[in-house]
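Now, the feature entries from TrEMBL:
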type     : residues                               : note
DOMAIN   : 28-315                                 : domain 'Deacetylase sirtuin-type'
BINDING  : 53-73, 134-137, 259-261, 285-287, C303 : NAD(+) binding site
ACT_SITE : H152                                   : active site, proton acceptor
BINDING  : C160, C171, C219, C222                 : Zn(2+) binding site
Amino acid sequence: MRFLGGWRVPQVHGKRFNSSSMYVPSHEPALESDCRRLEKFLEDKPHILVLTGAGISTESGIPDYRSEGVGLYARSNHKPIQHGEFVKSEATRKRYWARNYVGWPRFSSIAPNITHYTLAKLEREGRISGIVTQNVDRLHGKAGSKEVVELHGSGYDVICIGSQDERGKGCNYRIDRHDFQHILDQLNPAMEDNSTSMRPDGDVELSMEYVQGFKIPPCPQCGGNLKPEIVFFGDNVPMPRIEKVVRMIIESDGVLVLGSSLTVFSGYRIVLQAKELGLPVAIVNIGATRGDPKADLKISARCGEIMSNLFTTKR
């Protein structure tokens, strides 16, 4: 299995696993007692709902925004794309799509890591009921997980954001991101990969000279603007998706948070709703999270180290 980024092979209690460490913040090694405590949390709860954040995908080589020393905010002055700017500004859309176009071959080829594969295995074994992910990388699906809600959408689909008609209905055009890449190839045959670094949503850094001449097709159905089906900062999670997540929380017997600082409210709200229902919450994340005061169990460790050693001890 191929991974991106610089490599090292951490070891916990004799078990080894591969992990990209380029975008993983500094941390203490996981303790065996931490693994056993999480096992105990999970053992009598067959309907655990798992919430995952960018901290699990950093181990596959995708950077996040907030990790100390290695996140996008720590490495540059660039801020994430804002929904309002994307909708209103042609220059913003051109800049985004040029960067996303160049970054797509790398972003879409990134492989799941041990946390993704372990969660898929736990789902098959009936130890968890489903996953809500804040990530847009579709790595859970690649790893084999079936019951996944992509809270903030996915970079793997492109949709039209054309204006609504008098009945409030908008254009329903949708295209697979791989197919959209072929269209962009045809429109931009001279575009080269002169990027310097990948960003969390799959776009990359490019100089303005490469952005200015980039061509974006309009929606073939209505002529509107196209965007990835990602909930950009400043946009709202669609209500049907929120309602589905609420049902998943109600039907669960606890929540496990993996690799999320819970800074964004759409994720933190899941913890709050679980506690309002009297459900236990466990959090595994490097460093503090917004939800720590609400947690019944908090483990500060790399998710891959913990997840690769669950239910492996001989009884």
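Backbone N, Cα and C atoms are what each Cβ position is placed from, and that goes for glycine too.
Proximity to N285 (NAD(+) binding site), judged by a C-alpha distance within 10 Å, picks out none of the recorded positions H152, C160, C171, C219, C222.
C171 (Zn(2+) binding site) has a Cβ environment of 19 other Cβ atoms inside 10 Å. When the recorded positions H152, C219, C222 are ranked by how far their Cα is from the Cα of G53 (NAD(+) binding site), H152 comes first. Here the Cα atom of G61 (NAD(+) binding site) is found 37 Å from that of C222 (Zn(2+) binding site). Neighbour counts of Cβ atoms within 10 Å were compared across the binding-site residues C160, C219; the minimum falls on C219. Looking only at Cα atoms, D137 (NAD(+) binding site) sits nearest to H152 among the recorded positions H152, C160, C171, C219, C222. Here the candidates are the recorded positions H152, C160, C219. The one whose C-alpha lies nearest to that of S57 (NAD(+) binding site) is H152.
Cβ contacts within 10 Å of G61 (NAD(+) binding site), excluding its own Cβ and spanning all protein chains shown: 23.
Within the same chain, the residues at least 6 positions away from the residue listed as 'active site, proton acceptor' whose Cβ sits under 8 Å from its Cβ are Q134, N135, V136, I230, V231, V237, S266, listed in sequence order. Take the binding-site residues S57, N285: by the count of other Cβ atoms within 10 Å of each Cβ, the lowest one is N285.
The number of other CB atoms found within 10 A of the CB of D137 (NAD(+) binding site), across every protein chain shown, is 25. Here the domain 'Deacetylase sirtuin-type' (28-315) has a mean pLDDT of 89 out of 100.
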